Amino acid sequence: MADTQYILPNDIGVSSLDCREAFRLLSPTERLYAYHLSRAAWYGGLAVLLQTSPEAPYIYALLSRLFRAQDPDQLRQHALAEGLTEEEYQAFLVYAAGVYSNMGNYKSFGDTKFVPNLPKEKLERVILGSEAAQQHPEEVRGLWQTCGELMFSLEPRLRHLGLGKEGITTYFSGNCTMEDAKLAQDFLDSQNLSAYNTRLFKEVDGEGKPYYEVRLASVLGSEPSLDSEVTSKLKSYEFRGSPFQVTRGDYAPILQKVVEQLEKAKAYAANSHQGQMLAQYIESFTQGSIEAHKRGSRFWIQDKGPIVESYIGFIESYRDPFGSRGEFEGFVAVVNKAMSAKFERLVASAEQLLKELPWPPTFEKDKFLTPDFTSLDVLTFAGSGIPAGINIPNYDDLRQTEGFKNVSLGNVLAVAYATQREKLTFLEEDDKDLYILWKGPSFDVQVGLHELLGHGSGKLFVQDEKGAFNFDQETVINPETGEQIQSWYRSGETWDSKFSTIASSYEECRAESVGLYLCLHPQVLEIFGFEGADAEDVIYVNWLNMVRAGLLALEFYTPEAFNWRQAHMQARFVILRVLLEAGEGLVTITPTTGSDGRPDARVRLDRSKIRSVGKPALERFLRRLQVLKSTGDVAGGRALYEGYATVTDAPPECFLTLRDTVLLRKESRKLIVQPNTRLEGSDVQLLEYEASAAGLIRSFSERFPEDGPELEEILTQLATADARFWKGPSEAPSGQA
């Protein structure tokens, strides 16, 4: 069978997202608003298949056809009759659930491919003898012929998402390299175009000269439009000797369905902010305009404390190998008032707490823009994965001048808290009970600080298009050098475009460090209801959780390519390195032998040294992170961050050897089953499913009752239209990296 790195185990944890009580408390109008927003999110989430791998849309279409014709129990009878064992059929269900959960065949957390853990010929027998194949023999056989090989292939380039020889990505055509990505970013910057809703396709003429297409996501294609904001950009350009063409219409039929549902949601908006927000999102997805999405986000920021909260669009850039294109996501959630009250108290203290951060006031925003901070129970989260907390929007210009919102996703955190003692790796026995007791509360504190005062803090020094600066060049001093500011962001440059491949992880590291640093502040712990010995335990478990996570992070490092595949985990490893470097026995990692006779390890944190050794080390590191970010010093930022993120086998830690131990004892990330909403007359019903791979599959089989077959056709048509860009996805066209 396949290497365990590339399969999902049969005993993978599966949890259901509990939002029954939150949904019950909604009024009929709020339910209708949530229903249509959920439909929009689920439709848009299908675009992620096209953003992940060339074969993902076909795999999704094949699975959807199979399970629409026979539910998991019915298909099981057929599979056993075809000679599969119970374990092999369960492996197939887990694979299918994984594809639905990640919206593709690469893990959303780690960007590693996963393949079915059963023989290919056995799966082929099940598929070609299924009810779906009886009903539509040509279509099912065609889908299998298109994706069967790629579904199982683990040749080196296909094991991970990446650019050029490093991996596979559908944000770029298969012949693009990192140099192409940099050139395209410079082109986009020169035209003041955002990369968030784009993909890049490169073609090479007979003389080897490249030609680039930048394609915007939109309902409209080449049709004339009244909107000059985007249409004036839709043309041919010459940039540094290379032809560029800006086009639009990517994912058009999918976005058409998103727009139709957003139009319906408008009728149930609670206020004018929501109505205007939806109108701008509709404009954005119709025209391909990120500027319209920014305007919608402005109204969204102004919509303080809504009962039903949502956000939708091309948002997070973690999975673009270059770090600037957004993956589609949409969520709909309901406010949890009790937990939100704690976060509101944290917001009320935020201005005071910002002063505790280890950089001068001139490196903080000129005015603190009081954000919304709510705890939400998720009803729908469409995309490749569900985070525990979010700080959005990601647009730097809005964050600096208009503000942002923070959300903590309470029912997602509840799934994350559930820890079984026997699965707690790398901890001392006497730490395990304390860890289980305080992991949940400490995580609430860390998520709150990470989102509000981590992502929400710090200023970017900018020179605008008129040459004006947002800082005083004469008086502002760099605390690291003692000199005046030497570098800054010029008009059109953003954090993501400037720091590109390290931007996401560097920013997560800054936010995580702020959480660790500020959780030492007594006022913070009082806000969350902890004092005395309990407060000390919360601090200890928060720091212990971080250093353990730094060790677990090694699973997400690829030694062959010298790269990290997950931004948050790279950030946690960097923090572990900083705390190890602090010395004095603050953190130690000891290789051991487990009770099973196999390699193991133990992480120890000396709680008596957190304040005396850990805090000063974190203070120095955090100040450097912020100064380099504020000043847009890419060279300095890369040197610092990549230095700490380097993984070697040098003693005393021998991280590459430890990585083997981590892989040996890794636990797969849980799959989460989400409910559906269904409209019956004018009533919206909540449909829940069991916490199992079969339950997760059923939830997807019932997600698109009206137009499932149509969506499968749309996905395969869109994938086929661009298939030539990855033909032989395992290798780039000759002459191209």
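Including glycine, each Cβ sits where the backbone N, Cα and C put it.
The annotation N-acetylalanine is assigned in Swiss-Prot to ALA2 on the grounds of a large-scale study or a structure entry. Residues annotated as Zn(2+) binding site in Swiss-Prot: HIS450, HIS455, GLU508. Annotation comment: Swiss-Prot describes GLU451 as active site, evidence class similarity to another entry.
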Cβ-based isolation winner (fewest other Cβ atoms within 10 Å) among the recorded positions GLU451, GLU508: GLU508
HIS450, HIS455, GLU508 excluded, remaining Cβ within 8 Å of their centroid (Zn(2+)): GLY389, ASN391, GLU451, GLY454, GLU507, ARG510, ALA511, GLU512, VAL514, GLY515
Cβ neighbour count (within 10 Å, all chains shown) around HIS450 (Zn(2+) binding site): 28
Residue pair the residue listed as 'active site', GLU508 (Zn(2+) binding site) - Cα distance, angstrom, rounded: 10
DSSP three-state assignment for GLU451 (active site): helix
Spatial neighbours of HIS455 (Zn(2+) binding site) that are distant in sequence (at least 6 apart) but have CB under 8 A: ASN391, PHE404, ASN406, GLU507, ALA511
